[in-house]
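Colleague: Please see the structure below; I have some questions.
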Amino acid sequence: MATTAELFEEPFVADEYIERLVWRTPGGGSRGGPEAFDPKRLLEEFVNHIQELQIMDERIQRKVEKLEQQCQKEAKEFAKKVQELQKSNQVAFQHFQELDEHISYVATKVCHLGDQLEGVNTPRQRAVEAQKLMKYFNEFLDGELKSDVFTNSEKIKEAADIIQKLHLIAQELPFDRFSEVKSKIASKYHDLECQLIQEFTSAQRRGEISRMREVAAVLLHFKGYSHCVDVYIKQCQEGAYLRNDIFEDAGILCQRVNKQVGDIFSNPETVLAKLIQNVFEIKLQSFVKEQLEECRKSDAEQYLKNLYDLYTRTTNLSSKLMEFNLGTDKQTFLSKLIKSIFISYLENYIEVETGYLKSRSAMILQRYYDSKNHQKRSIGTGGIQDLKERIRQRTNLPLGPSIDTHGETFLSQEVVVNLLQETKQAFERCHRLSDPSDLPRNAFRIFTILVEFLCIEHIDYALETGLAGIPSSDSRNANLYFLDVVQQANTIFHLFDKQFNDHLMPLISSSPKLSECLQKKKEIIEQMEMKLDTGIDRTLNCMIGQMKHILAAEQKKTDFKPEDENNVLIQYTNACVKVCAYVRKQVEKIKNSMDGKNVDTVLMELGVRFHRLIYEHLQQYSYSCMGGMLAICDVAEYRKCAKDFKIPMVLHLFDTLHALCNLLVVAPDNLKQVCSGEQLANLDKNILHSFVQLRADYRSARLARHFS
């Protein structure tokens, strides 16, 4: 059995249990090989082991039954014991309730007795207190203070309490009978008050917070309590302003006081507010006045910079102080302090700002024109000048000489950046220093100054000068600088628009001034665009005029009707070469001067005029067969030049012109077929006829019959 018990090892696994049994049986395992294996011995061992297991099972079963009986017996005993405990607990709970009721009854009696005792004791205490006060009053009446409380400096707290009460009593006494004693009490009241304040001062210098708290609590009922607070505030600031930055010093001071004032005074928020008021009205106000008054009349630029910087730093300090407990309406309190410092400077701020901005802008412009040795001329306006301008635009008559600008656009990006920078700073100061109700109006005033000096005095003047510098369309070898003006004006417009959106819009976005500013901006831009359009139109006229001069000078009648038809080199003419070179140069200049759709619009207009010029130019000549081939070569080159425009409509016009030129060389019998071709079918017959009439063989070949 012992052997069987040893086989039951934890954790029990049946397979392992069989393996261990087989291994322990001689001849039952794999030791010794197949020859040593004895199945009968193994079977016998298994049978014996099963019998042992059955015996073990019976023994364990008997033991389990015995334990179950014992467990049931103990459970019955435990249940009986629990019932007994419940009964005793109920008895104890009843005793507890009785005791609680008795305690409540006794407590009620005690409270009643206490009220009775208090009713007796309070008058007695008052009587004792009154007796003491009468005793002390008699000492003042006799003129000799004998009590220890008045002579012992260590009992100053008790003396203060007594004298404060005597002082209140003395105020109720008639002056004619008790004037002397009232005077003595008042004198002692004042002496004790001074002693307490001196004690508070000494404790503050020693850093004894607990002593300061005790003295402040005693002084709270004295008239000199406010003086105690003043002393505290004054001593707090001793040695507090040692750095170069008074605003940083003030912030550190207030933060330090905020941490300790609650440990000293019963009303810390009032004391801290008084300290902050003292810092603002005395220290900061004198510093601000010193910084601003010295440059207020002599240097407007420095004055505005200092005002903006000081106001910003003051408001930043105020924002930090908002974290402290200063009472219920600390926002209003701090705003009033800031206003008290800066009100005299903010009242006329916008006048100083606009005055400085005007003078500064005028100086920037004048300095630029002086650097160019240019005296600004008066641009004529009114009826006569407008009439001349309209006549010149429509007829190109030389109504007075054009101005030679020597290639100068009189536009400077540096000047523009300086003007915008000055205006940007003005907008920033305006945002910070203007009252919210005045902000949109003040911002609009700054914007009008920007419009006056940037848009009118600089850009508009440059456009007018550029317009006056455009030569008439019949001028030869004219230098066309207006496109440079266009290029620079476009760049400046972008900068102007960016500042409008970035710096002006946030200031006026929620006010009626928004629509006013947008309208003014729209009017300015429309006015500028109209002058740009006028200048571009006249510049294009000059370009076409220059092409006319080239064609008139270089194109010969013999180009298209050579004397020797058999000795002609088929290529484009010299006039075509020079015109195409000129056109390509102008196209490149236009692309560099403009952006976006403006390039396409101007190139389309130039392309249409270029086509009209070549069309009319070809109408002036008579063409032989070989001359017609030369004309086709020229138009092919013109068409190649038109491709550089990258405008489909212009290319289509030259494609059609090229097809028309084919009418100059086509065989008479095929003429009708060509006229009805895809490219020419939609053209008016008169146009086709006019081109056919240019052929040298028009009469001899009787070509008119095709159009009858």
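Cβ atoms here come from the backbone N, Cα and C positions, even for glycine.
Sharing the feature lines straight out of Swiss-Prot:
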MOD_RES   A2  N-acetylalanine
COILED    40-101  coiled coil
MOD_RES   T122  phosphothreonine
MOD_RES   T395  phosphothreonine
MOD_RES   T405  phosphothreonine
MOD_RES   S412  phosphoserine
Colleague: Which whole number is the mean pLDDT over the coiled coil (40-101)?
Modeller: 88
Colleague: S412 (phosphoserine) has how many other Cβ neighbours within 10 Å of its own Cβ?
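Modeller: That number is 20.
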Colleague: Would you mind pulling the DSSP three-state label for the residue listed as 'phosphoserine'?
Modeller: coil
